[in-house]
Amino acid sequence: MAASKPVEAPGGGGAGTGLSRWQLALVLGAPILLGAGAVYLWGRRAARRGGKGASERKTPEGRASPGPYGGGSQPDGPGHEEMSPLDRAQAAKNKGNKYFKAGRYEQAIQCYTEAISLCPPERNLDLSTFYQNRAAAYEQLQKWTEVAQDCTKAVELNPKYVKALFRRAKAHEKLDNKKECLEDVTAVCILEAFQNQQSMLLADKVLKLLGKEKAKEKYKNREPLMPSPQFIKSYFSSFTDDIISQPLLKGEKSDEDKDKEGEASEVKENSGYLRAKQYMEEENYDKIISECTKEIEAKGKYMAEALLLRATFYLLIGNANAAKPDLDQVISMEDANVKLRANALIKRGSMYMQQQQPALSTQDFNMAADIDPQNADVYHHRGQLKILLDQIEEAVEDFDECIRLRPDSALAQAQKCFALYRQAYTGNNPLPVQVAMKGFEDVIKKFPKCAEGYALYAQALTDQQQFGKADEMYDKCIDLEPDNATTYVHKGLLQLQWKQDLDKGLELISKAIEIDNKCDFAYETMGTIEVQRGNLDKAIEMFNKAINLAKSEMEMAHLYSLCDAAYAQTEVAKKYGLKPPTL
């Protein structure tokens, strides 16, 4: 798994926050820090205090007076002639409330209808209550169209009526009106200052559904897009036992090229695979798939290698459907080099994890360990899978095995430290946290040229609010990998969390885009910040750029959720004048 941006568990939310990442596009004004597998919000008062309970809001409004099913003064009781129209309407509502509490919803609806007809038209708030109460009764009868209609009347009379907005949102959900549901629940979240868990859960649910629907359609029709050279090199650097990523062997080069060290080599065999390998060395990645296809169609000497290399680049351009048959074929080739088959299993397992199929993913990694138990890559990448599945002890065991097989694996040692740190941090246990932090110091001392070690240590330091030292670690990363755009994004987010320096943060994230204009993480982060600045149109523009660069359908669905959350805010702002506080 390439270390291109934070890895997130298949459930979606950030570790330690209880928040889904869509909330970054809705939550109260707060700079953010996205860590590996985690989302941290600075100044998130609501999250620290905890939201209200998630009990269902089923009861109508207004207190019913004593009596079998009536109010203190019934419309047909003594003194009826002296009652004002509003008093008669209130009495009818109270009678309806009694019926409602007794579960007699049809009679309650009749009483609320009477209250609506009796109420003076200038009494907007009273009328809105009567409509909302009737909607509550319709809800109990699952008459969702009537619920939505009555709630609409209530909101027209009282535009910031939270109960009516939320009830209408639930009705729209039942009617499969996802866009309308999202707008209503967004208004509710803002009006309640993100304090009610029930409304936030509904927003999360509908955003995920919308995101999945849109991503499914967009992803199958998307144009393949080759990632940046930096991303591709980072991806391949996470493998040490990957035959296809190794440089051309001397025997595969012409005699003339053996004397031209550092120059592009010319292959002496008429092999599509060897030409593809040459293009890899030249970073001419767009030609690799076609050259591999030539080797495969010719059933050449390097057919297994060509299938695996083509599958790898299909995965890199986000075409998992094309990659899977190639991976399947390599895995089934029992006469192929076992390292090729194990690598294909690792890549298919990672693909399954991206597709939120952890059981299939685990099965592939276990099979890879069975057929090639001395392959360090298997344990390294399975360890990352175990972190995503929150199986930290098993992750540490895998990293230990990787380190035993390859003691010089700086990446595995850094990720083991991060796994131990995350276990200690989520367990809120200070002593193991200190031990894990000491482990990071040991790793960067032993492997001073491992950028990933500094990056993971920086994320842990940020958790501990040791911002100055975290900033130093990001500077070390930049010194080692000046073309790694993701590091600039993290450093920019740190400036927001540490110094609330919006200008510096945006400058660094803009630098990331300048370095790699295909860095979807940078566009996503920029969009999130623009939401919090109140620049919703700019935010939507950034999210759309990230969507076009998404490398998997799952990632695209998440980005659509952010974009839809921002768009819902623009609609709520137009309709009700509601906006969360901005930076």
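Glycine too: its Cβ is placed from the backbone N, Cα and C atoms.
What TrEMBL records for this protein:
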- 49-84: region 'Disordered' (REGION)
- 89-122: repeat 'TPR' (REPEAT)
- 342-375: repeat 'TPR' (REPEAT)
- 376-409: repeat 'TPR' (REPEAT)
- 451-484: repeat 'TPR' (REPEAT)
- 520-553: repeat 'TPR' (REPEAT)
- 22-42: transmembrane segment (TRANSMEM)
For the repeat 'TPR' (451-484), what does DSSP give as the number of helix, strand and coil residues?
27 helix, 0 strand, 7 coil
Residues in the repeat 'TPR' (342-375) grouped by DSSP into helix, strand and remaining coil:
27 helix, 0 strand, 7 coil
Mean predicted confidence [pLDDT] for the repeat 'TPR' (89-122):
97
